[in-house]
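Okay, structure first, notes after.
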Amino acid sequence: MSSDFEGYEQDFAVLTAEITSKIARVPRLPPDEKKQMVANVEKQLEEAKELLEQMDLEVREIPPQSRGMYSNRMRSYKQEMGKLEKDFKRSRIAYSDEVRNELLGDDGNSSENQLIKLREERAHLLDNTERLERSSRRLEAGYQIAVETEQIGQEMLENLSHDREKIQRARERLRETDANLGKSSRVLTGMLRRIIQNRILVVILAIILVITILMAITFSVRRH
């Protein structure tokens with residue numbers, strides 16, 4: 001189950017990286033290429049949403065005790081998806097043909113100040129896009145470290161759980177051994193007691209026999 005989820009994760013990472021790159025290129029393209037690029041990004045965003053749905057279904061099939069880590073990763077991916085959609089929307093609106101016509105005028109007779117303002121805003125958006133990309137990479141690196149740390153912690157907890165089970169089994173075996181030793185001790189004590197009783201009985205019988213023999217000899221002597 002986790003292998004399927006990780007496969008979807010890899011596909012999602014590759015797809016979102018392509019989408020991020022294309023969103024950054026949209027404002028720099030001429031109108032015709034921009035229209036084609038926008039359609040391409042829209043298609044890839046739909047594919048990313050489908051991947052998220054598949055990943056969400058996989059998470060629901062994971063046992064509850066192991067589901068927490070995957071749920072946290074899903075929340076991060078959904079946030080990343082929302083960020084991509086917002087960036088794409090801003091990229092389309094900021095430099096759409098409609099906005100450019102509004103600033104410059106349909107007749108192409110807009111003032112030089114409006115053109116300068118448009119260029120400044122374009123440069124500002126490009127700077128923001130680059131900063132967002134750098135921040136996204138840093139967040140991804142930090143998230144990866146957090147995931148690895150969580151995995152290490154989970155492995156340590158599992159190891160501790162296994163060690164605890166081993167210790168408990170060892171204690172149970174010690175209790176069983178103590179119980180068996182106690183039973184053996186009681187059996188040996190009983191056997192020793194019977195041996196002593198038997199020896200005492202033999203000694204008594206031997207004494208009685210000796211006394212009987214002596215009495216028989218004494219009677220025999222007296223008769224003669």
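Glycine residues also receive a Cβ, built from the backbone N, Cα and C atoms like all the rest.
Annotated range for coiled coil in TrEMBL, selecting from 34-61, 62-89: 34-61.
Within its own chain, the coiled coil (34-61) is flanked in space by residues 1, 4-5, 8-9, 11-12, 15-16, 18-19, 22-23, 25-26, 67, 70-71, 74, 77-78, 81, 84-85, 88, 92, 95, which lie at least six positions past its ends and keep a Cβ under 8 Å from the stretch.
Here the coiled coil (34-61) has a mean pLDDT of 90 out of 100.
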